[in-house]
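Engineer: Can you read through this structure? Questions will come right after.
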Amino acid sequence: MAEAKTHWLGAALSLIPLIFLISGAEAASFQRNQLLQKEPDLRLENVKKFPSPEMIRALEYIEKLRQQAHKEESSSDYNPYQGVSVPFQQKENGDESHLPERDSLSEEDWMRIILEALRQAENEPQSAPKENKPYALNSEKNFPMDMSDDYETQQWPERKLKHMQFPPMNEENSRDNPFKRTNEIVEEQYAPQSLATLESVFQELGKLTGPNNQKRERMDEEQKLYTDDEDDIYKANNIAYEDVVGGEDWNPVEEKIESQTQEEVRDSKENIEKNEQINDEMKRSGQLGIQEEDLRKESKDQLSDDVSKVIAYLKRLVNAAGSGRLQNGQNGERATRLFEKPLDSQSIYQLIEISRNLQIPPEDLIEMLKTGEKPNGSVEPERELDLPVDLDDISEADLDHPDLFQNKMLSKSGYPKTPGRAGTEALPDGLSVEDILNLLGMESAANQKTSYFPNPYNQEKVLPRLPYGPGRSRSNQLPKAAWMPYVENRQMAYENLNDKDQELGEYLARMLVKYPEIISSNQVKRVPGQSSSEDDLQEEEQIEQAIKEHLNQGSSQETDKLAPVSKRFPVGPPKNDDTPNRQYLDEDLLMKVLEYLNQEKAEKGREHIAKRAMENM
């Protein structure tokens, strides 16, 4: 009996794990298919089936029995506590406190407990009340198949869905309908009665927390009113000034005030900076104005100096013009006095002899005798000219001499006239240098000695005269030390040449005084007498013999010079001859020479005035 009992127990123990494994496999396959049908990705972890505490105890007891039977220690492949959460463990511990101890139970009690657990597991889906479920699991009746596309779930064939009408293993941890949203499920779960009960509960809770909530509500209401008023104001402002502001919302009042204060501060700073700049500019402009006034005063002083110089220059020119006229009159009076004053022929011969012995031209010798100076003496200092009081005299004086300034400053070609050409250019018509020399009984210009008419300077070295203008500054004028010595030397030579011309005229006047018959010959020419040419020839021969005897120590060249002079100026009274044209020619030449000398003297005075004006500048 004992052996049969042990065999029966072994068969029962071997069948129990098989039954348990079969039921667990069916439950696992059903649970997996159901999860794949609903939400395989989202609810896979929450839908795990946890075993009941009775099942766990039964499995533990079966393991112990098998270990005792086979006397082998082996670890079970299945961990009964795997996946069990802490609340289940706490619940298990709580249940164990009410259950009897393991050792006190017999094998029959354990078998009975296992069978009851299996029966409960089989009857659990059938005995579940349908009132707690708001809707069935039939997906064909409750919602269309097209809604599955929105939830991106896998579509199962219809033949499988018909057989899958089992309830879920854990209703608490899974949603009834996975294709419905959470808010839809909540709305369907709460009936009007439940909502009414909830409302009453909330009202009771509100009464309990009434005072605090009222204060908070008041604050919230006031804040809402304040914000509503501000919104209304801003809306009105935006509507009224939408075009100006561009449709943007207005800033709050505090920000406006801050921005206005910042703008006022900026404006005040800008105004202060502008005022400082204006003050600086005023100071600078005041300094500049003082400097400009000083410059204006200096320019006025300079202009006044220039104007005074110009006025003085013009006055001197006017006085020079007047003095030139006086000199012309004085020259005429001097010539008349020379004509009236008789000259001795012996004095003339003595002068000629002295000039020959000293190798000095007769003109220079006469000048030396006149001035009482040595040949290389200094030029007589020139006296300052008196200035007229009124400037109106300038225009009156210039009426008679329109080319006064041009003749003084520059020639027509723009360059100063050379002394050699000055005489030839200013000669009157019908009068040449050869005629004058023939009239004086001297050689022609081609055969003259260079010592008698020297050319003391070269034409290439002639400096052009600098015209003066009132606007010319002092810095633009050439320094006096650079050009004045040469100019002074040139002017001295030019004055010497003019003096020679003047002395030539004086010499000619003396000759005319010596032989006054030439002056009275005008009437004789008008009524020529009847005299023979033979008597004239005889008288001329007598004069030549007397001169040769007086100048027996002279050279043949001097005698040749004096021969034509004696021929030109006979000693005795003129006799009637047959050559009246010759006498007319001599008279005309003398008149032209006198006019030329007067003109040259006037020009000399003008040049002298211009030179003095240039030196005083």
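Including glycine, each Cβ sits where the backbone N, Cα and C put it.
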Engineer: For the record in Swiss-Prot, which of the ranges 29-49, 218-238, 365-385, 407-427 is the region 'Disordered' one?
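Structural biologist: Checked against Swiss-Prot: region 'Disordered' maps to 407-427.
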Engineer: What is the number of residues in the compositional bias 'Basic and acidic residues' (258-284) that are helix, strand and coil, as DSSP sees it?
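Structural biologist: Summed by class, the stretch gives 27 helix, 0 strand, 0 coil.
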Engineer: Validating a neighbour-count step here. Other CB atoms within 10 A of the CB of Ser268 (phosphoserine): how many?
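Structural biologist: By my count, 10.
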